[in-house]
Amino acid sequence: MRKVAIYGKGGIGKSTTTQNTVAGLAEAGKKVMVVGCDPKADSTRLLLGGLQQKTVLDTLREEGEEVELEDIIKEGYKGSRCTESGGPEPGVGCAGRGIITSVNLLEQLGAYDDEWNLDYVFYDVLGDVVCGGFAMPIRDGKAEEIYIVCSGEMMAMYAANNICKGILKYADAGGVRLGGLICNSRKVDNEREMIEELARRIGTQMIHFVPRDNFVQRAEINRKTVIDYDPTHPQADEYRALARKIDENKMFVIPKPLEIDELESLLIEFGIAN
């Protein structure tokens, strides 16, 4: 079973990218579990046809210790298994701690057991690696390969670089490696070339360039992934390509994060800062 975590700055499209990629893998016959590690609990909605499923933490709060696996995992598109860790009530407690509680419970209840024949587990993780709880999939070896969703915007690249620092910190202890950058295009000038160069300097690859297409939002409004909503649309092929590249990926590295002045010089070089 391959253990994958998707990171990236808030609002970059991690949950959308994760679910569309998982749809591509599921369509190709892979057994995938998605663990949403975001208090917004929107990491599985499109795979479940719009169902806002009850989170692990909400279930624990209501049921106490009497939680069964079927209470917290729902079956989604083409047999994908979906769960949301959820978070504390706003303004109370630590969301990172909630992820740790949720993943531990999933392990205790046998969500990762051989009987499920899982090929992949995907962790869709909130924002930047800023607190230990959100770094947990990296830190405790829950995830072995990381993909960072970014774009040619400065803050997205800055966040990607920060996440690389987190991977570097835990690479020896947890055995985690960077699998590549996924460029979720924002139609910035020279975006593809810039992210390819950023990847090269960090020591990784841009595994796929996902072009911007409003059809993604149209599918979302209809509560589906692109592949589910219209399998013949060109954007569906983009996500299939990304799924295939992740499935075939052999490049796993310990990244070399850039200093801030190196990052800024990259932005200047490609004209974004002019």
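Just so it is clear, glycine is given a Cβ too, placed from its N, Cα and C backbone atoms.
Bear in mind that the values here come from a model prediction, so they are computed numbers and not experimental data.
So that you can see what the record holds, here are the features copied from Swiss-Prot:
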| type | residues | note |
| --- | --- | --- |
| BINDING | Gly8, Lys9, Gly10, Gly11, Ile12, Gly13, Lys14, Ser15 | ATP binding site |
| BINDING | Cys94, Cys131 | [4Fe-4S] cluster binding site |
| MOD_RES | Arg97 | ADP-ribosylarginine |
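Structure coloured by features recorded in Swiss-Prot.
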| residue | record | DSSP (3 states) |
| --- | --- | --- |
| Gly8 | ATP binding site | strand |
| Gly13 | ATP binding site | coil |
| Cys94 | [4Fe-4S] cluster binding site | coil |
Study note, to complete from the structure: For Ser15 (ATP binding site), the number of neighbouring Cβ atoms whose distance to its own Cβ is within 10 Å equals 24
Review point. How many Å separate the Cα atoms of Cys94 ([4Fe-4S] cluster binding site) and Gly13 (ATP binding site)?
Key: 23
Exercise for review: Please report how many Å separate the Cα atom of Gly13 (ATP binding site) from that of Arg97 (ADP-ribosylarginine), as a whole number.
Suggested key: 23
Point to revise | Which listed residue (Lys9, Lys14, Arg97) has most other Cβ within 10 Å, given these are recorded positions | key: Lys14
Practice item. Counting other Cβ atoms within 10 Å, pick out the least crowded of the binding-site residues Gly8, Gly10, Gly13. Key: Gly10
Point to revise | Other CB atoms within 10 A, centred on Gly11 (ATP binding site) | key: 9
Point to revise | Distance from Lys14 (ATP binding site) back to Arg97 (ADP-ribosylarginine), taken between C-alpha atoms, in Å | key: 21
Exercise for review: Which residue among the binding-site residues Ile12, Cys94 has the fewest other Cβ atoms within 10 Å of its Cβ, if you could check?
Suggested key: Cys94
